[in-house]
Amino acid sequence: MLPVKEIQERSDRHPKPSDIKFQYGTAGFRTLGKTLDSVLFRVGKLDGKTIGVMVTASHNPEPDNGVKLVDPRGEMLESSWEAHATALANAPSSVAFVAVVDELVRATKIDLSIPARVVYARDTRPTGPQLVAALKDGLEAIKAEYRDAGVTTTPVLHYLVRTINTKGTKDSYGEDTEEGYLTKISDAFKKLLAGKPPPPPLLIDCANGVGALMAERFKAYLGDIFAINVVNADLHTPGVLNNSCGADFVKVNQKLPPSITLQPGQRACSLDGDADRLMYYYADEHGQFHMLDGDKITTLVASYIVELVKASGLDEQIKVGVIQTAYANGSSTKYLSGRLPVKCVPTGVKHLHHAAEQYDIGVYFEANGHGTALTNLRNIIDVINQTVGDALSDAFLVEAVLAHKSFSGVEWDSMYCDLPNRLVKVVVSDRNAFKTEDAERRLVSPLGLQVKVDELMRKYGGGRSFVRPSGTEDVVRVYAEAATRAEADELAFRVAGLVYDEAGGDPSQRPKEFI
Ligand SMILES: CC(=O)N[C@H]1[C@@H](OP(=O)(O)O)O[C@H](CO)[C@@H](O)[C@@H]1O
Ligand SMILES: [Mg+2]
């Protein structure tokens, strides 16, 4: 029996704002932190097994917050559950909410005699404690068993969910503690590096977010085999989170955070606000900045794995594949396609991860640095978080591969040369009017718009552009790449102008850079 009265009474304390319709986007619910209280109260009611709830808005500005749900395997929520989560979040009243819970229990045959189990964590955002309190209230209303993992990274929470659910089984993934996580990854990294000269010290920009806590803790576990230098680790000053630093800043601006100076030849990396995203970069001999994004990481790691598999003579038995999204740089796709199967899927780690599982070894990184490799190779398997992209463990993997190949940033970067590209946001009145097919590479709606995009593309040799609605922000994104910087910009701004006009944008507000 559902404790209806209890749920209803407590739900009344967390009313849903009537003017908001919550959407489960590319990476969960995400919006201004202060509007999310009712969502947090409601999201815990999902399953009989241990699931995870991560309160974070990742690379978004500090006032935003959000919630990511982690399935019992420690992976991103199955899409079938997203509809349930959305229905729960949008029930207009506590009475309607109870009815949705009731319907969910019946439709998915949840056994109410087994208490729901939830482990939750939050990043360092100021709205985190209040949202966690709402979540706790919701969990108590349904008499769930819960564990508070405190302030930690998204990958640690994914790790905890997997270890809790596999505890004592043959699939045991490790100790269900932060120490277990740190030990597992650092031990495997040390084994991978055995016999190789230690990599040069690595500067890690933690975006003034929770990744700093974990990076600091790793130091003790890495001993003297690998030195890390943690910067942008201010967890106290208001407003600094993801501000002019972190993975998103580097990717979007294609430049160093102003707080960082690199010596010629030095390599460094940036995490995002919940440490599941990684951008690498280095300074060349003239001190010039070069970015090594998710596509470069895919290329480095996948090529290395292909070499290992070939060297072991197992290339007939072990299927290695790469998964990308439409945002992958065309040059990376070209380079990789000549060497192994490459598949394109819609944006969002949940799509990439599930596609990667179809291979014996599946490597995926979004261009913006979310990713991991799912593999059966011992040592590699342990250094990489198998549940979700994990910026710190990904960085260790990169360092290990570079050490094995005796590569510096220069050799890594020269595997292929990025096509100049531009990403533009277009604010429209209804982004849901934009619908896509072919892994988001083509528009099916608004009708006729794709034909016009195609016409523009044909004018640029090697040009490629596509339009899709964002799943995390209220905008439509336009991506373009072409042979030169100027052409990539021109194509992107032309397509952006087209989208703006087609969507009925106000001519007086039209951004001046749109052509
Ligand atoms: C172009 C781009 O960078 N899109 C990002 C962004 O998704 P959108 O659906 O494009 O808003 O946020 C996602 C979650 O963090 C991330 O997985 C994805 O790569
Ligand atoms: Mg993130």
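Every residue, even glycine, has its Cβ placed from backbone N, Cα and C.
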* Check TrEMBL: it lists D272, D274, D276 as binding Mg(2+). Then name which of S58, S470, S508 it lists for that same site. => S58
* Asked: Which of the binding-site residues S58, D272, D274, D276 has its Cα nearest to the Cα of P469 (substrate binding site)?
  -> S58
* Structure fact -> N368 (substrate binding site) falls, by DSSP collapsed to helix, strand or coil, into coil
* Here are some binding-site residues: S58, N368. Which one has the most Cβ atoms within 10 Å of its Cβ? -> S58
* Asked: Looking only at E366, A367, N368, R468, P469, S470, G471, T472, R477, the residues listed as binding substrate, what is the longest Cα to Cα distance in Å?
  -> 17
* Asked: Secondary structure at P469 (substrate binding site) (DSSP, helix/strand/coil)?
  -> strand
* Are there residues of the same chain, six or more positions away from E366 (substrate binding site), whose CB falls under 8 angstroms from its CB, and which are they? -> G294, Q324, T325, Y327, A328, T347, V349, L352
* Take a look at 49-88, 116-168, 199-278, 424-496 and tell me which one has the most Cβ pairs under 8 Å to the domain 'Phosphoacetylglucosamine mutase AMG1' (293-374). => 424-496
* Asked: Under a criterion of Cβ-Cβ distance under 8 Å and sequence separation of at least 6, what residues of the same chain contact R477 (substrate binding site)?
  -> L423, V424, K425, V426, V467, R468, P469, S470
